[in-house]
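Right, one structure below, let's go through it.
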Amino acid sequence: MAHTLVPKLMIEAPTLHIQNSSSSQIDLQTGSSQSLLIKTPAILLRHSFRGNFSSQLVLGSGKTGSVLSCNKQGSVCLDRVKEGTNGSLNGDVEKRSNEQQLKTLSRSVRLTLDGPLVENDETTNKKVLRSFCSHGKLLEASKLVDLMTRRNQIPDYPSCINLIRGLVNAGQTGKAANVLQIMVMSGGTPDIITYNMLISGLCRKGLLNSAIDFLDYMSLSGCLPDVITYNTILRAMFDRSKYDQGLQFWKDQLRKGCPPYLITSTILIELVCKHCGVIRAIEVMEDLAVEGCSPDLVTYNSMVNFACKQGNFEDSALLVYNILSHGLEPNAVTYNTLLHSFSTYGCWDGVDEILSVMNETSHPPSVVTYNILINGLCKHGLLDRAIDFFTQMVSENCSPDIITYNTLLRALCKEAMVDEAVQVVHCLSDSSCLESPSIITYNIVIDGLAKHGYMEKAMELYHQMEKHGTSPDDVTYRCLIWGFCRADLIEEAVELLKEMGNSRQRVRDNCYRFIIHRLCQNNNLDSAKQVLKMMISSCHTLKSTVYSNIIAGIAGAGMNEAAMELREKLREWKILKE
């Protein structure tokens with residue numbers, strides 16, 4: 001009866017056939033207690049020993065050894081001998097290293113799968129299995145698990161779990177399924193993580209029916225599926241356009257007594273929205289409610305978010321109507337999602353309508369709401385209206401946060417209102433202000449000043465941030481260097497470059513390239529060589545092609561003499577070959 005519950009993917013271990021009628025066996029023993037299963041290689045089975053002779057080879061160490069003998073009938077056998085027996089080795093055999101032992105174990109287990117077997121005790125095989133798993137010998141370990149099963153031996157369960165996970169990661173889901181079956185049939189219970197990994201591996205290979213079989217099988221083995229199990233199978237079905245099968249699968253699970261996981265139902269609704277549309281998702285939601293899995297506001301918000309990202313305002317309105325018709329009240333997440341969509345697409349009438357509704361409910365606009373609106377208005381170039389909303393939020397005792405200020409500062413700099421931006425930063429630097437400027441705040445304004453050529457003001461702000469304990473980063477330096485280069489203040493850029501080197505800030509290659517190019521344009525080859533040397537001595541190593549491209553760019557700009565001089569210097573420094 002138990003075999004009918006096993007997934008179809010499971011296959012029984014192949015029966016071993018002995019190809020020689022004689023009972024030739026090798027029982028290899030190392031040390032005082034460890035023994036391994038090996039079998040006679042095919043080449044020995046085919047070989048015919050002739051003549052009347054008897055040769056022996058003794059293997060082993062300590063008090064017990066083993067005599068390997070060949071008799072005239074051609075059979076190979078291994079006899080144990082005690083210390084003092086004729087033919088025993090004189091002296092102790094040195095212990096093998098772990099790596100040598102592992103090679104011996106691997107070779108021995110491979111041999112067992114090609115010829116006759118000799119009994120090995122269960123403890124030894126468990127030890128070998130643990131060794132294989134710890135050294136990543138997955139195929140050898142899976143063969144050993146099959147071997148132990150045929151010998152009615154119980155494998156080491158923790159090793160089986162590690163083996164199953166390793167085989168799944170290696171894409172060997174069939175072998176992983178076989179090991180899991182052996183583990184369960186011998187009394188072990190894989191944990192939920194192992195089951196989920198195997199089911200996920202089957203789904204990645206498109207073996208959805210096998211994954212579903214394992215879903216049923218894991219419940220019978222004492223490990224109940226969880227949310228991740230169901231979500232994995234559902235996502236795989238929808239990825240392969242099996243929409244109806246996915247819906248029926250979840251309904252069947254609910255009817256079998258599966259807990260009505262809202263997370264799984266929400267993911268299912270999201271998948272239906274994505275692949276089949278909002279109308280179909282609403283129908284599915286009604287069907288799931290009949291099965292005892294009623295939607296909540298999180299499910300609706302997920303659908304509203306999807307419709308808003310698509311710019312489908314009709315579906316968004318339909319979803320809000322459904323929320324209200326089910327006795328639910330939209331929350332701040334619902335309203336903010338709608339506002340984000342309206343402001344992204346520039347539907348300002350819809351924005352005003354949503355705001356008026358929020359002011360009449362128990363979810364008035366918050367700082368998140370205002371940040372969404374101010375960001376949307378700034379992206380559309382409506383800075384005046386964004387400032388109006390900023391004033392409104394302050395008047396309503398809704399304190400702006402650093403995100404609010406950074407959004408406005410970026411818009412002010414874009415509109416060349418750099419003096420106003422600097423004033424805002426000065427206000428934030430005041431100790432009485434609730435928000436302090438961050439490194440991002442300073443970088444936004446420094447970049448705006450540098451782009452418009454106000455390098456003196458940019459350096460003043462640079463020194464101010466250091467004074468207030470904010471350390472400049474590579475973005476700060478890069479903005480200033482590019483600003484100096486645009487203003488044709490190359491020497492100042494070089495000095496800042498040196499300062500970056502002293503502070504261990506990483507300089508981008510194009511920054512070096514731009515400064516060297518400008519220095520060559522100004523016929524300042526000495527400084528260009530100095531910067532080139534700084535580039536070579538920088539922490540990160542560069543390919544010689546980078547320097548070749550710099551020389552080619554200078555030559556391409558018509559500065560052939562400068563290019564030749566720099567090339568010779570690079571050859572002198574052994575950066576470029578002759």
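Using the three backbone atoms N, Cα and C, a Cβ is placed for every residue, glycine included.
Taken from TrEMBL, the feature repeat 'PPR' applies to 121-155 (among others).
The DSSP breakdown of the repeat 'PPR' (191-225) into helical (H, G, I), extended (E, B) and coil residues amounts to 26 helix, 0 strand, 9 coil. What TrEMBL lists as repeat 'PPR' is 191-225 (among others).
Note on the repeat 'PPR' (226-260): DSSP counts are 26 helix, 0 strand, 9 coil. Feature annotation from TrEMBL assigns repeat 'PPR' to 226-260 (among others).
Sorting each residue of the repeat 'PPR' (296-330) by its DSSP state yields 26 helix, 0 strand, 9 coil. Residues annotated as repeat 'PPR' in TrEMBL: 296-330 (among others).
Marked as repeat 'PPR' by TrEMBL: 331-365 (among others). For the repeat 'PPR' (331-365), DSSP puts the residue distribution at 26 helix, 0 strand, 9 coil.
Per-residue confidence over the repeat 'PPR' (366-400) averages out at a pLDDT of 94. What TrEMBL records for 366-400 (among others) is repeat 'PPR'.
Sorting each residue of the repeat 'PPR' (401-435) by its DSSP state yields 25 helix, 0 strand, 10 coil. If you look up TrEMBL, you'll see 401-435 (among others) marked as repeat 'PPR'.
Here TrEMBL flags 438-472 (among others) as repeat 'PPR'. Here the repeat 'PPR' (438-472) has, by DSSP, the following mix of helix, strand and coil residues: 26 helix, 0 strand, 9 coil.
Residues 439, 442-443, 446-447, 449-451, 453, 455, 458-459, 462, 465, 514-515, 518-519, 522, 524, 527, 530-531, 534-535, 538-540 of the same chain, all 6+ positions outside the repeat 'PPR' (473-507), place their C-beta atoms under 8 angstroms from a C-beta of that stretch. The repeat 'PPR' annotation in TrEMBL covers 473-507 (among others).
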Q) Residues of the same chain, at least six outside the repeat 'PPR' (366-400), with any C-beta under 8 angstroms of its C-beta? A) 332, 335-336, 339-340, 342-344, 346, 351, 358, 407-408, 410-412, 415, 434-435
Q.
Which sequence-distant residues neighbour the repeat 'PPR' (438-472)? Criterion: at least 6 residues beyond either end, Cβ under 8 Å.
A. 402, 405-406, 409-410, 412-414, 416, 418, 421-422, 425, 428-429, 479-480, 482-484, 486-487, 489, 492, 505
Q) In the repeat 'PPR' (473-507), how many residues does DSSP call helix, how many strand, and how many coil? A) 26 helix, 0 strand, 9 coil
Q. Counting each residue once, how many in the repeat 'PPR' (366-400) are helix, strand and coil under DSSP?
A. 26 helix, 0 strand, 9 coil
Q | Residues in the repeat 'PPR' (121-155) grouped by DSSP into helix, strand and remaining coil | A | 26 helix, 0 strand, 9 coil
Q. When you scan the chain for residues with a C-beta under 8 Å from the repeat 'PPR' (191-225), skipping those not six or more beyond its ends, what do you find?
A. 5-9, 161, 164-165, 168-169, 171, 173, 176-177, 180, 184, 232-233, 235-237, 240, 242, 245, 249, 258
